[in-house]
Structures are given as C-alpha cells and as structure tokens.
Amino acid sequence: MNATADIIKPHAVLPDAQPLLTLKGVTKTFPGVRALHNVSLSLYPGQVTALIGENGAGKSTLVKTMTGIYQPDGGEIAVDGKVVALNGAHDAFAQGITAIHQETVLFDDLSVAENIFLGHAPRTGLGLIDWRTMRAKSRAVLNGMGAGHIGPDDRLKDLGIANKHLVAVARALSIDARIVILDEPTAALSAKEIEDLMMLIEHLRAEGKAILFISHKFDEIYRIADRYTVFRDGEMVGEGMLAGTPQNDIVRMMVGRAVDQIFPVRDSQPGDVVLSVKGLSHPTEFDDISFDLRKGEILGFYGLVGAGRSEVMQAIFGTTQTSAGTMTLDGKAVAPKSAAEAIESGVVYVPEERGKQGVIIGMPIFKNVSLPSLRKTSKNGVLQLAEEFSLARQYTQRLDLRAASLSQDVGTLSGGNQQKVVIAKWLATSPKVIILDEPTKGIDIGSKAAVHGFMAELVAQGLSVIMVSSELPEIMGMSDRVVVMREGRVAAVLDNKDLSAETLVRTAAGIAA
Amino acid sequence: MNALLKNREIWLVGAIAVLIAVIATRFPGFAAPRNLSTVFNDTSILMILALGQMVVILTRSIDLSMASNLAFTGMVVAMINAAYPGFPIPLLILVAIGVGLILGAINGFLVWRIGIPPIVVTLGTLTIYRGATFVISGGAWVNADKMSPDFIGLQRMQLLGLPVLSWFAIATIVLFFVMMTRTALGRSLYAIGVNPTASVYAGIDVGRTKFFAFCISGAIAGLAGYLWISRYVIASVEVANGYELNIIAACVIGGISIAGGIGSVGGAVLGALFLGIISSALPVVNISPFWQMAISGTAILLAVVLNARGERKQGRIILKKAEAAAA
C-alpha cells in the first residue's frame, strides 16, 4: 500500500521549532530481548506528542530510559541540544524530566504539600523544613492549575485517583519540569475526570512544556495530541503531525509487521460445545460476557491490557466471584467457588507468571506435579508416594521433561523444563478445559514454538484451550476463533478465517472501519 | 531440598554433640544415657510446643499466644481437677486439647476471615488469654495440695523405662512426622509457605490452611497446658510467662525459616533439645542464668546466619551438564 510508505517518512518539522528533548539511535537490550532498537524521538515545547504502540512495542522501556531508570546501551539523549547522561532518576529530575504514571507513585500517608515538595522542600535558616512556605507554594501551584479544591494539608489517601494525578502534576510544576511524560494516565479515570485531565494537559501545553502522552485510546489521542510517534517491536516506525492522519493509517503502522514466526499447521475440526458462558458479570471488572468453547478448539482472547480478560478467566476458575451469569460444562451447570472446585470439574488455569504463580521452587518435581491431585494420590488421607511418583512419571515422560530424577528440586530446571512441569501438573488432573494466560510471554522464540506445538497436541487429543494473549501473531496463528474484549465487555467474536490484524486492533480499540 | 534439610539436621546433631562433649569435660556425668534421658524428658514440653509453632511458621505466620493459651488451658484443667478430683485424666487431657484448639481457632479465624496479620492477632490474644486466666481464677493459685494424685502422677509413671511425659513427646513427634510428610494438609502447609500464589492456582485454600495451622498450634498449646501444670504442680496466671519466645527460638535454631515454607519435624525437635541442653547443663556447671540467655541468643543468631547461607539461591542452572550434575 502506497500510503504506508508515505506515512513512515517523517513529516517536515517546522524550521523554527527546536526540540526540547531528542533521542537519537537509542538501543536497549535485555538478555534475549531487544527492547529498543535504534530509536529516535523528539519532543517539542508547547506540543503534545502521542506515543502509540501495541503491548510490548517498547513504550515502558522508553519511559524508563527517559526518566533515568534504565541506561541505554547505545545512542544519545539530548536536552536543549546538549547530550546528557541520565544515570538515575535524580539526573532526569535535574534535567526537568518527570513522568506521571497510570498508578500514581506518590505517598499515601503524607499530605499533599509533602508529596508535592518531597525531596525539594523549602528550608528555614536552621535547615528545618519551612512548612509555612511549603503550604503557601503548594496552594499557589494548585490554584494556578485550577485545582484549588485540593488543600495542601489533605492526606493523599483521602483523594480520588484523578485528584492524585493532579497532585502529581502539581509536583511536576513545582520542580519546574519542562518535559512531562504521561504514561496511560487515563486508564483508571471516569469520563469526567478524563476531561479534567485533558484541560490540565492543555494548560501544561500553554505553559510551553513538552509533553509525551501515552495512551491506547484513539479518541483521547486525537483529542489532545499534536504529533504522533508509532512504535512496533522496539522500533520507531512512523511519526508526524496528527492532523490529517487517518486512524487507520496509524493502526496499519502499529500492526504492519513481517510474519517471522511459524505456527503449527492444524487440521482443526471443533466438535460439540464443552464450556458455555452466558452473561457472566462482575460489579466492577466485566459485564455480560458470553461465549462458547468447543471440543478440540483453541479460542483466543485478545484485547488491550486492562480489558478484563484475565479477570474473566479467574471468574471461570473460581478465584473471582461473579454477580450474574451462568456457566455450563459438558451441559451441566457449574459455579465454582474456589480453584479446587474448578479443578474438580475439569477446568484448569495456567497463569501468566510461571515463577510466581506456577511452580513451587524448593519442592521436588514430583511433588509439584501431584499438588493439585493430592486427593487422587492419597488413600484414607495418607499420601501414597509411589502413586505420586507414577503420576509424575507418566505426565513428565509424555512431555519429554529433561531431569535426572523426579526428586530433583524444580528450581534447578531450566525455564523451558519448568514450564513443562507446570503443564504436566495440570494434565495430571485430567482437565477438559485448559486456560493458558499469556503462555509465551517472556520466553525465547524456540520455547515459544515448543509451547505452540504442545497446544496443537492438546487440542488434537480432544482438550479445549482458551488462550489469553496480547501478541497478535500468536492470536492469529493459533486460534480457531477470537473473542475480542474491550473495557470489560465482549466487543466481538471473530472467526479466524480471513481475519486481519487491522480488524483485531480496530475492534480492540473501538475504531470504526 | 531433602538433601539440604538432612544436611541442616546433621549440622544440628553435630552442634548438640559438641555441646554435650564440652559440658562433659566439666561435668562427666552429663553425657551418661540416664542423664540424657532426663534432659529429653525435661525438654518434652518445649519440643511439643515447638512442633505446634513450626506448623504456623511454615505458613509465613507466627503464634505469639501459645504460652498464654498454655496458661489458660492449664488453669482450666487444674480448676476442673480441684473441683472434681474424680474426673478421668484421659478425658481431662482431651478437654485441655479441646480448649486449646478453640483458642487457636479464634486466632485462625481472625487471620483467615478478618484478614488481620498473624503477629497482630496473636499479640492481642497473648494478652487476652493471659487476662482471661486471671479472670477465671480470680488471680488465685491452684496448688499441688488441691490436685488429685492421678493428675500429678500420670507423667511421672514409667513406661518401658521412660517417663510418660517423654512418651507424650515421642507420640507427638511421630504424629507430626506423618502429618507433615504423608498428608495433603502437611504438603499444603509447605506449599503455601513457599509460594502462596501458585498454591491458590493449585486449588489450595490458603486462608483455610492457615486456619488449620492455628488450630493445630492451639491444640498443642492446650495439651502442653495439662503437661506443664501436672509437671510443675502449680497453676497461676504467671505460668509460662514469656515462654512463647523460647518456643520460637527453638524453631529458629531448628532451621525453620521465619519466611515460611522451610523446616522439618526433626529440626524443631533438635532446636528444642539444643535449648533444653543449655538450660539444664549450665546451672550444674555453675554458669549464671544470664550467660545462659546470652548463649541461647548467640545460638539463635548463628542458626539464622547458617540458614540464610543454606537458603542462598544457587542461581539458575542453564548449562545442560550442570543440570545433570545437580541431580
């Protein structure tokens, strides 16, 4: 498509505008992951630049690099045209760079004034904190930004999240920040609070601050931003003025990638409905979730972070309680009240973080495998070690686990083999439905292929799989159908035949075609 | 982990052997089997209590109320015995266990259902149970002359050459060993201590398991209440005042990690024995009780340092050959 080529070329910058902050060729690598590659970015005074990209595009790493939390492996950062080294949050602070995060990083038990002036409080002649000046300055800053309803002596924890953001902004103003990064500030705000925040951003812009605005929400981006920068896989793939750039062009930049992963070919013929969810609701997290999962099917769950996918899965697994809705498993109504009940009925959940939520380091392999099946391996309340061993042997052999002995501490295994122990543990409960939450997050490409191959094998054996994933290629490469969630609701259930990445992203972000 | 734990226990056995040898140089009779069996008997109550405490500590909790529970239950059984001397002793022991279990269940309920941190809950009940002991007794003592001969005599009886009190300890050790290694509850106690999140996903109810742990430590404190009163033949508000620290010290010396998930029955028993040997040997070799406290304290710190070294992460094994060698 011609348009793509045009857009990727940066728009001409106004000749008289000098960028306040520039990143040139910045690269940051973590073991096995290239988080940022040769990234360039410019922020201009009095302009709001929107940073757009899928999950894992490198946005968080970029913010951390700009605020001195991470040091880049290569490239340079310049403020006012002078190259600076940001060797810690303090250096970024000294350069006038400040970030306001989705979850505020302030101190709940301190007063508003203390929060605003923490680290740079005015002192009296004796070196003590000058409370009177601090209160007066706080009031001046808050009044100046139209937030006079917040008092300097209010406890931060008594304020709502929107007001906490205002305090964070006041803090930025009090240190005379010139570069303000807003990292998904609206994620937890109501519509009215978002509007207040937008006014405030306009106020900051009018004061000549250079603003980087990170958001998943296109309506906000078009409402507030002057410029855009699109990231994909740790690279900057396009930038320019937002006015006159259609949403679809930006979506195309976000997803337009070469497919470099090969997924197993499956001859999938899903059978009868195994799990049927109808009208599942939660007071605050999700509403009216309905879908069917068929035998031998991989059902993908796609959505932006915070769309409520994991929360729905936890409800199905019995660890979150629901306010309405029904579930049937093989035609029988189920309402699990605990993980134990869900496992008993044949639903298992392989959580996102293998280390934290999967294996129990310090326990031998066989005890890890038998943990959810202890009822099966005990007789009259006494555990039968021989039974535990044979259960563990049976399933670890099937997965080709490489370990010298099943009595070996699971912590001594490599990551891939630990993953196999986790999967063996769940297979040993003979489940009907297996829910995999971000099954390949943070593992290398070879292990990813192994997990994908294994998923194909699971469904070939008649199991049904729900795969929650934020990775487009994985969703498109593995799913038979995709449930797209947006803001706690099912936005669409799409058949994977002829499904395009753009359709998925548009549906998840709520953009009309 | 098994190899590591065995290692830890062997270390402790070695330390105890050295301790006995050093004491024997100044007091040769100390190492005689007959004397050692007396030391074991003297330490029985501490061993039993340490096992109850271990179960709680494994779940990343702590029970500070055990000694107060012991005093309360002890007072209850002493008063029952004083009022109804004919009340059968085996039944009285069951009453002690039952009362202790109820007090433990109160702790467990507050931790599980109300979600108060264990240290706060049991710090509160430590005072409450001690106060309740005063309330039911009116501050009065129950002396030996008010207790029935059966009540006092049971644990002095010999069975196969050992006092009954020692047999109580041995039975408790065996029971706990089976529970910790061969029941789903024992396995769950370890699992939630090491990794509560993973345990939830494996279908273990973390809160309920903690509740059970507190019930166990309560029941154990109740049993120890009877044993304590019938051994020292006096029930008062001051019984075992501050003893919760000895119980916790025994666990820590025995290699039970305050961070949860690590520890064994053998460790708790050996930790208690270590303290028991120090407290019974030092007076006979004319070392002041203040030295005794200093030595116990040093042993605790030493144990913590040694355990911290043992628990230090060995790093991920990535090399294939290292993976094979680790087995």
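The backbone N, Cα and C atoms fix where each Cβ goes, glycine too.
What TrEMBL records for this protein:
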TRANSMEM  B:12-31  transmembrane segment
TRANSMEM  B:43-59  transmembrane segment
TRANSMEM  B:90-112  transmembrane segment
TRANSMEM  B:119-142  transmembrane segment
TRANSMEM  B:162-181  transmembrane segment
TRANSMEM  B:188-204  transmembrane segment
TRANSMEM  B:210-233  transmembrane segment
TRANSMEM  B:245-278  transmembrane segment
TRANSMEM  B:290-308  transmembrane segment
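Long-range contacts of the transmembrane segment (B:12-31) within the same chain, counting only residues at least 6 positions beyond its ends with a Cβ under 8 Å from a Cβ of the stretch, are 253-255, 267, 270-271, 273-274, 277-278, 281, 284-285.
Scored by C-beta pairs under 8 angstroms, the transmembrane segment (B:162-181) has its highest count with B:210-233, from the stretches B:119-142, B:188-204, B:210-233. The list of residues near the transmembrane segment (B:188-204) in space but at least 6 beyond its ends in sequence, with Cβ under 8 angstroms from a Cβ of it, reads 55, 58-60, 180, 210, 213, 260-262.
Counted over residue pairs 6 or more apart, the CB atoms of the transmembrane segment (B:90-112) and the transmembrane segment (B:290-308) come under 8 Å in fewer than three pairs, which marks the two as apart. Simply put, out of B:43-59, B:119-142, B:210-233, B:290-308, B:43-59 has the most Cβ pairs sitting under 8 Å from the transmembrane segment (B:245-278). Same-chain neighbours of the transmembrane segment (B:290-308): 8, 11, 249, 252-255, 257, 262, 271, 274-275, 278-279, 282-283, counting only residues six or more beyond its ends whose CB sits under 8 Å from a CB of the stretch. Distant neighbours of the transmembrane segment (B:43-59): 66, 70, 118, 165-166, 168-169, 172-173, 176, 180, 189-190, 192-193, 209-210, 213-214, 216-221, 223-224, 227-228, 231, 243, 246-248, 250-251, 254, 256-258, 260-263, 265, 267-269, 271-273, 275-277, 280; these residues of the same chain sit at least 6 beyond its ends, with a Cβ under 8 Å from one of its Cβ atoms.
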